[in-house]
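Over in TrEMBL, the protein carries these features:
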DOMAIN    138-276  domain 'AAA+ ATPase'
TRANSMEM  7-24  transmembrane segment
TRANSMEM  36-59  transmembrane segment
Amino acid sequence: MSFIAKITPYLFAIICLVMLWKMLPDFNTVAMFIYYVRWYLVMILILVLLLIVAIWLHWHEMAPDFIYRIIPMDVLDRLSNLQVIEEAASQADKEAIIIDSARLNQDLQAKVIGQAQVCSDLSAQLRRRLAMMQRNKPVGVFLFAGPPGTGKTYLAKVLAKLLERKLLHFDMTQYAAGAFSASQLFGMTRGYVGSNTYGALTAGLRDFPKAVVLLDEIEKAHPDILKNFLTAWNDGFITEASDGKQISTSEAIFILTSNAATDALADLHQSIKDPDSLRSASVATLREQGFAPEVLNRIDRIFVFAPFSGLDIARIVALEIERMIKSYGLAVAGKGIDPAIIIEMMQRYKRMGHHASSRDVVRLLEESLADSLITARQNGYAVVKLQIEADSVVAIGVQ
């Protein structure tokens, strides 16, 4: 750069200062200038005040929605058509997913005891539904019904892990209080305390659109919450209350569990073997128990869980014994668990009647084994064997 080019800005500033020097002391000139530009100054002052108000409203999240619509908040909104690009990107992400239903069924049955028919039917349903390219509703809305402690919640957790999907787990007994409960799931309306954060469900589906949504004991949910879920299942989206944004549910899997009509459903499972007939009878039974017809009509499939029997009880007893011993930092002796121990626990389980569940097995084992396991660990043993003493199962430390 030449010397002339470097000093040109400074020369220009000096010339301007010389030209204005004589005008500055002249009060009449200044007054005349203010007189002619007074309305411009008023307009500038109003704009500054409006800007301050707008900043205050935005800071307190009280600005009207139309302001957010007319002000471009995204570079794609300013330079292109954001909506078209979002739709194209969404379609590109919706690729068909082909799963091996036989492998999924096998993996589910390896983890979930006593529900072979449920695992088989669920695997087949998911294979068909995940393979669909175009979908404006959730992958599936499934109801797991049956006695407590038969693996309904556990199956949902295992399924999410096998499909490598995020599990969003909600205990619906905590959402029975109406409007406040709904705000916890779907967000708080703008202007109220808490409206600066998303609801638990809307935030979860925003971040993990392919999640498995587990709604435990759905019959306990408030009717207003069920209405929101009907929108999610029918229209393929839920609306976040804080900003009105629609969160897609078309890639999610919804699993509902229910302990309603336990005895009636158990009897149906024993008397009806055809899956379609069992589903129809189950729907009628659940409707009699107070399930909203519109909810039952939107459920894609009802899976009835069977009470445990026979070798299923033996498997549960063996697994729970192993789990309990490990939880105390101990191991089972090399020969494993004596069959007589398992048979003894099975007989105790059966004496409880058909209302017994896997949780009762855990309670039985805790009552029988916990004290002797603690004693074995205190005495420095790392390995134990089980034996029956005075009609009770106890753990004995071995070297």
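Any Cβ shown, glycine's included, is placed from N, Cα and C.
As a summary of secondary structure, the domain 'AAA+ ATPase' (138-276) carries 58 helix, 28 strand, 53 coil according to DSSP. Within the model, the domain 'AAA+ ATPase' (138-276) carries an average pLDDT of 87.
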